[in-house]
């Protein structure tokens, strides 16, 4: 018998799939990544082919073994983390999807969400699920598929169809149809799950006419769900033992195990998630209440706020405005800015997220003078990411009544020292960058490793953690208050501009 000295994380994202093998110290031993196609059948629609996702996952599992030289039988357990909300419906008998998967960003089910609001279900759905009614979540996507794919409703009523988010789909495929499960964190993003009773909500299922026979069984985030079929894992039957949606996996990977701990992942957008402990905190400001993770018989809840534009603002400087050639260059240029921070960029390219929720707003720039330079503009764009993060974190503080002593950060833009220092300054709290920016995959690996006894408990995980770089606030209070006041005025001004064409005869 080979010694089982490794765990594998499968990180199934929106544009690519990755497999990463970690050793007992949480060090990366090998990895593989593969992109897969995105489909945009109509404006605002985003779809994936679930078989292409499965194909990419098979490919990266092989790639990780090849790169690391590790054999499949040396893997103690597999953890899965995934793009959340993306919806697959497949035929129970053939295992074939009935249509493309509808991706979390896709707006094709917006009319269904709008109708639910018109019919007065907002309060009921918020109280039960912790979510706002939106096409973002899986519920309206399932309804859309049942409405638009011929014969789907009838098949669903006859118990012939299964629904799952990507985690469910991958477990079903890896076990060759033996296991149909999901976990608390993914279930809490469907808008069908009662986060208080920890069960699928019959009232919401009836409202949307979704048969409960389609739904996966909901399990904790760290337990053995089933074993890979040997022919799907290169000859080995390995326990699949951890699962969590990507943002919750990052929370766990950042070891935010205590109430009040908070992390910000700076990706294309930025996702801020706060551990609120064993009681769900419903937000008065349209932040999302969600399940962080459930482990050892306990469930930990979280508040989540998202910013639509973070890393994509830096891409805009590079690709749209051509002010920089590479993303890291934004830091060099911003460091050379000479102005008094009088320029404000409000990157509302697709509207404003929490806590403004203004989908009609568009980007704006304020405070330009004849002396404004490219460097000032780049710095203002970076600062906008930090201002938006402060908007969300201040709202979380207000909603939860929990003091926030430290912000843990990860994701691509967290590599930018200037941005992280400004984030600490504007929040007036310490900001700690993860030593290992692979926090999402690491979170999935930890959950799986704990379930199979690879690691003993949370204390052992904490003892392995490397301390990342700490950024401490250095800005005087008066300067901080004035800068943030300017940001709030810039956002207010942005929201007043809504272009309407002049009507005939005006």
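Cβ atoms are placed via backbone N, Cα and C, with glycine included.
According to Swiss-Prot, the listed position annotated as phosphohistidine out of 126, 180, 232 is 232. Between the candidates 120, 159, 164, 412, Swiss-Prot assigns the ATP site shared with 14, 15, 16, 268, 311, 315 to 412. 136 is the residue from 136, 293, 300 that Swiss-Prot records in the glycerol site together with 84, 85, 246, 247. With the fewest other C-beta atoms within 10 Å around its C-beta, 315 stands out among the binding-site residues 14, 247, 315, 416. Pairwise Cα distances among 14, 18, 268, 311, 412, 416, the recorded ADP-binding residues, top out at 24 Å. In sequence order, 266, 267, 311, 327, 437 constitute the residues six or more apart from residue 412 (ATP binding site) in its chain with CB-CB distances below 8 Å. Shown in sequence order, 104, 136, 137, 138, 141, 165, 189, 190 are the residues of the chain, 6+ apart in sequence, with a C-beta less than 8 angstroms from the C-beta of residue 85 (sn-glycerol 3-phosphate binding site). Note on proximity: of the recorded positions 14, 232, 246, 416, the one nearest residue 315 (ATP binding site) is 416, by Cα distance.
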